[in-house]
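Q: Input: one structure, supplied below.
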Amino acid sequence: MKRSGILNQPLSNILASFGHTDLLVVCDAGFPIPRDAQRVDLAIAPDLPDLRTVLSLINEEFITEKVVIAEEMAEFNPPLHGWLQKHFSGVEFERRPHEEMLTQVATSAKAIVRTGAFDPWGNIGLVSGVDVERFFAKEGTVLPDYYRDRAGEA
C-alpha cells in the first residue's frame with residue numbers, strides 16, 4: 001500500500017504518464033467531458049471531492065508549467081480565482097473564453113479528472129512542466145534564459 005500521495009490508482013497512473021506540455025483538465029461535476037477522452041471520475045456527491053482538494057493533491061505530485069482558466073472566472077467566481085492565484089503562484093496563467101474551455105481545451109486534454117465540485121467556472125487546465133533544476137543540474141549543461149525564472153534564478 002502507498003504511504004502517501006494520491007491513492008486513486010487511475011489518477012496516479014495518469015499523472016505518471018504525463019510529459020512536458022501535456023494538458024490535464026480538472027473539472028467540476030457539470031463539465032461536458034468528450035466521449036473519447038481519457039477520464040478519471042472522482043465525483044461521489046455534490047462537492048465531494050471538491051475542486052480545491054483535488055487540485056491541492058495533484059499539485060503535490062505534478063509539475064505545473066501553466067494554468068488555463070476561463071477568462072470569466074475572475075468576475076464570476078473571485079474566491080476560486082484568488083485561491084488559484086495563491087496556490088499556483090509563480091506559474092503562468094492563460095485565460096480563455098469559457099466556451100473554449102468546454103470545447104478546444106477539453107479536446108486538447110490528455111486526460112480529464114472530474115470532481116464533485118459545484119463551482120462556477122471550475123474547470124482548470126494544468127499544463128505539465130519539467131523539473132528545471134534537475135534537468136539542468138548536470139555539469140556542463142547550460143540553463144536557457146526562458147527556463148531561468150522557472151528555476152528561481154535571477
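Cβ from N, Cα, C; glycine included.
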Q: Taking Swiss-Prot at its word that H98, W121, G122, N123 bind substrate, choose the one of D28, D36 listed for that site.
A: D28
Q: Would you pick out, from the recorded positions H20, H98, the residue whose Cβ has the largest number of other Cβ atoms within 10 Å?
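A: The residue with the densest Cβ neighbourhood is H98.
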Q: Over the residue list D28, H98, W121, G122, N123, recorded for substrate, what is the maximum interresidue Cα distance in Å?
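A: The two farthest binding residues have Cα atoms 13 Å apart.
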Q: Going by DSSP, is H98 (substrate binding site) part of a helix, a strand, or coil?
A: helix
Q: What kind of secondary structure is W121 (substrate binding site) part of, going by DSSP in three states?
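A: DSSP assigns W121 (substrate binding site) to coil.
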Q: What is the set of residues, excluding D28, H98, W121, G122, N123, whose C-beta falls within 8 angstroms of the centroid of the C-beta atoms at the substrate site?
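A: Filtered neighbour residues, in order: C27, F31, A70, M73, N77, M101, D119, P120, I124.
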Q: Which ones, of the binding-site residues D28, H98, W121, G122, N123, have a Cα no more than 10 Å from the Cα of H20 (active site, proton donor)?
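A: Checking Cα-Cα distances against H20 (active site, proton donor), none of the binding-site residues falls within 10 Å.
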